[in-house]
Amino acid sequence: MLSLTGPQVDYLRPLKTHDIPKVLTIERQMYSYPWSEGIFKDCLKIGYSNWAFIKDGQFVGYVILSVAVGEAHILNICLDPAYQGKGLGRQFLKEVLIIAKKKNANSVFLEVRPSNTAAVQLYKTAGFKKIGKRKNYYPAADGKEDALVLSLDLTSDSA
Ligand SMILES: CC(C)(COP(=O)(O)OP(=O)(O)OC[C@H]1O[C@@H](n2cnc3c(N)ncnc32)[C@H](O)[C@@H]1OP(=O)(O)O)[C@@H](O)C(=O)NCCC(=O)NCCS
């Protein structure tokens, strides 16, 4: 397990099948177009790097990370709304980047909705740079929304 601020207080542990009901509760609260149970089960089966965020012993979020041939992709990162806006997303993201480095990733990629101001701000201040845009990538109430494609170089000193 990866300790953040002290032993067994805030940490990441591997995500397990028994976590899926809690994952789905958070996922459905946070996204208008949530991933299905089947997608999460597949992520566990495929063997992505899947982690649970634990705060004071409580399951408060998760990350689905794919790492291959020197590239990491954050496919989903999500925190329980009751725990958002308190710096936890930033703390957990730092640990996710450490995991990616340990798995020999040189860079991290992700897609984010431009309208997701909290996430965009989090990634920007963590050093991610915009490298592109995917047109009409996300479903949206009024049609489709583009995705910003962001990347972080893990080989630079600041990462
Ligand atoms: C994105 C997410 C992981 C961020 O976690 P968090 O704990 O809420 O964020 P933090 O408290 O660590 O704050 C990170 C930055 O975002 C900013 N921020 C947080 N909430 C914000 C909001 N509602 N509006 C604007 N900025 C916000 C903070 O100011 C902080 O930036 P700063 O340090 O420059 O001030 C979390 O909000 C979340 O799970 N959202 C739903 C799922 C999601 O959108 N995931 C990302 C998909 S790409």
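Heads up, the Cβ atoms here are built off N, Cα and C, so glycines get one too.
Since this is a predicted model, take the numbers as computed values, not measurements.
Sequence annotations record features per position, and here TrEMBL assigns active site, proton acceptor to Glu111. Annotation comment: TrEMBL describes Tyr123 as active site, proton donor. Feature annotation from TrEMBL assigns acetyl-CoA binding site to Asn116. Here TrEMBL flags 10-155 as domain 'N-acetyltransferase'.
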Inter-residue Cα distance where the pair is Tyr123 (active site, proton donor) and Asn116 (acetyl-CoA binding site), in Å: 11
Contacting recorded positions, sequence order - Glu111, Asn116, Tyr123 vs ligand 1, Cβ under 6 Å: Asn116
Spatial separation of the residue listed as 'active site, proton acceptor' from the residue listed as 'active site, proton donor' - C-alpha basis, Å: 10
DSSP-derived helix, strand and coil totals, residue by residue, for the domain 'N-acetyltransferase' (10-155): 51 helix, 61 strand, 34 coil
Neighbouring C-beta atoms (10 Å sphere around the C-beta of the residue listed as 'active site, proton donor'): 24
